[in-house]
Amino acid sequence: MTRLFLRVSPQALRITGLLFVLCLVVLFFSTQVDNYLNGRLFNRISSSVAIMALIATGQTIVILTRNIDLSVGSVVGFTAFATGSLVTAYPDMGPVPLVLFAMVCGAGFGCINGALVAYARVPSIIVTLATMALFRSALVEFSDAKSITSGSLPQWLVSFPNTKLLTIGQFQLRAGFAVAVVVVVLVHILLSRFRPARRFYAVGSSPEAAEMAGINTRATVFAAFVLAGALAGLAGFMFLARFGNITVVAGLGFELKSVAASVVGGVNIFGGSGTVIGAFLGAILVDLIDTSLVRWQLVSEFWREAVLGALILLSVTVDTLLMRRLFRLRQAQEHEAAKPKPAAAGKVTKEGAA
Amino acid sequence: MKMTKLMGTAAALAMLGSGLAQAQTALEGGQEVDMVLLPKFLGILVFDQANEGAQEAHAELGNPGELLFVGPTPENSVAGQIEIMTTSATQGQGAVMLSNNAGDQIAPSAKAAQDAGTKVVTWDSPIPSGEGEDVFVAQVDFGSIGTVMADMAHSILGGSGQMAVLSATPDAANQNAWIASMQDALKGDKYSGIELVDIVYGDDQAEVSYNRALALVDKYPDLGVIMSPTTVGIQASAKAMQDEGLCDQVKVSGLGLPAEMVSYTMNGCAPEFALWDFRDLGYLTYYTAYGMATGQLTGELGESFTAGRMGDYTIEEDPGRPGSKRILMGPFTVYNKDNVEAAAQ
């Protein structure tokens, strides 16, 4: 058993752990809620998590570089509104220019964040706290107290997220969810296989070492914010398509939910480690718990937030403790493996002392 | 509603009879007074409509002063409202017209504003305790909203079935009062077949309301109607039912804007809903605040005045909040597929 633990990478282990927790949560609620385990549950969670998955993916890239982006919620709201206004004014616009517009719009906001954090060297939590309010106020000003209604949007846009690509029994694979999965997998492959994208990890693990290795840390941090902005813009497009009715509160609170999804998904808040697949599963877990709590008779409306908070805290704590124990176990094993050769053992001690 | 209006009129008559009372005060325009219209937050259509109404009254009365439409951003509503209230008092504004989103937390700063000579007129949503408030301009009688919602549920359900409420935030004073009055109304014999199974909150956000509506359907397989006394919630619920193809099974009703609801009413997802005119509410609120800030109205119980195109109104005791005063606008319109298209224009 421990052998197996040692062979797989810690990230793969973490993802297995998350899947295990997901199953536990589903099993638990299936004993508490009537009519719980069915295709409908899958359809609900998959459609609603599609938007958060995109935001959490962007958030993960930023957190990897030891930063945080609190402005994503406002960016989602603004791009959703701006894209909605655009398509209302030009109803003949096709999907491709519209999606491009949303992503460029989001990336533009990301540039502002990125420039301030990477080049002006202002801590990201301060910058994005300020831009969260600024972008939201920009939306209030831009919207002129109007709202976008689904009636004024073209039919293809409104029906897009719920288009069924594949139906197996009650289970439906919908276009919105499919888009999110494709983006998550694509970003995951890039982050794990593509050399320039590995820089995000390098900068987050140790900025000094990355600098010495010839990585342009500023450009890397800047790129992380621009990517997060572009993904938030795409999420804004999806938000518009799914909800149709956009007011100035659109996307409010998404920044914290995306941080929660990333952290629950095993992304280290101090940077340098984590995967977008993990963040994706984290988003699913948070959404699953949230949706299930609404259906659980035992928990009243007023306690739901508290229970959700406690569950997030619990999952992160358990994860941290387990991982720490595992690392210790692994270190001990490595130590053990190194023991038969006294010379090698001595070397290890020396290095440790140095 | 009729009952209270009668009582209000009776009180006014009694005062007239005693020979003390002012007759119908016709407000004199042209006096200079600066005023602030303070909505719950900026960027929601109904508040913008209220502002249009207030601007109309402002122009009509020829007030050379300034009418400011300022509000907090949505994520900062409570603290922002308190801050604007305090600032307005410091600036020496003649009146603040407040749609309160801060519960009783705003009372100390509203009281301080009154002490500084600023009149505090609430509209849409009052200060629950009445502390720090001169008068509340009520859009409709809060008790009668409950009856109207119960009636809509009754007609949609055909007399019997399950109903769930999807409200705004758990601490929204107006929504809570309306839900309470609906629960009262449901005790009547006529509604004995209707079961109110749950009350959930969508925080006036499209995505939260949308997900809550779907969760309600999953939680109660026999649910017949979702009643949402908020324009954001009713629209999101209707969209959710339409997206999931549930409109035949679960109907949506409540308080909504015709422009946002017309497609759902026509396709049967939301056959009936109600609302009042927010432009009129802004207009009447302006007249009230102007009268009080210029000293033409004293704010005594039983005082009557003429509010331009809308006619005569009387200050009466608020039946929902003993010791507080209100002016009742009313009535409101119930929309269905016969009249919604015209109203949506």
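Glycine is treated like the rest: Cβ placed from N, Cα and C.
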Looking at A:72-90, A:129-147, I want to know which stretch TrEMBL calls transmembrane segment.
A:72-90
Within this structure, do the transmembrane segment (A:12-33) and the transmembrane segment (A:306-323) have 3 or more Cβ pairs under 8 angstroms, counting pairs 6 or more apart in sequence?
yes
Residues of the parent chain within Cβ reach of the transmembrane segment (A:262-286), under 8 Å, 6 or more residues beyond its termini:
11, 14-15, 18-19, 21-22, 25, 45, 49, 52-53, 56-57, 59-61, 63-68, 180, 184-185, 187-188, 191-192, 201, 203-206, 308, 312, 315-316, 319
May I ask for the residues of the chain that lie six or more residues beyond the transmembrane segment (A:221-241) and have a Cβ under 8 Å from a Cβ within it?
50-52, 54-55, 57-59, 61-62, 64-65, 67, 69, 72, 75-84, 98-99, 102-111, 113-115, 117-119, 148, 153, 157-158, 160-161, 176, 179-180, 183, 200, 203, 250-251, 254
Taking the transmembrane segment (A:45-65) as reference, which of A:12-33, A:72-90, A:173-191 has the most Cβ pairs under 8 angstroms?
A:173-191
Residues outside the transmembrane segment (A:72-90) whose C-beta sits under 8 Å from one of its C-beta atoms, at least 6 past its ends, are 51, 55, 58-59, 98, 101-102, 105-106, 109-110, 131-136, 138-139, 142-143, 148, 152-154, 157, 228-229, 232-233, 235-237, 239-240, 246, 248-256, 258
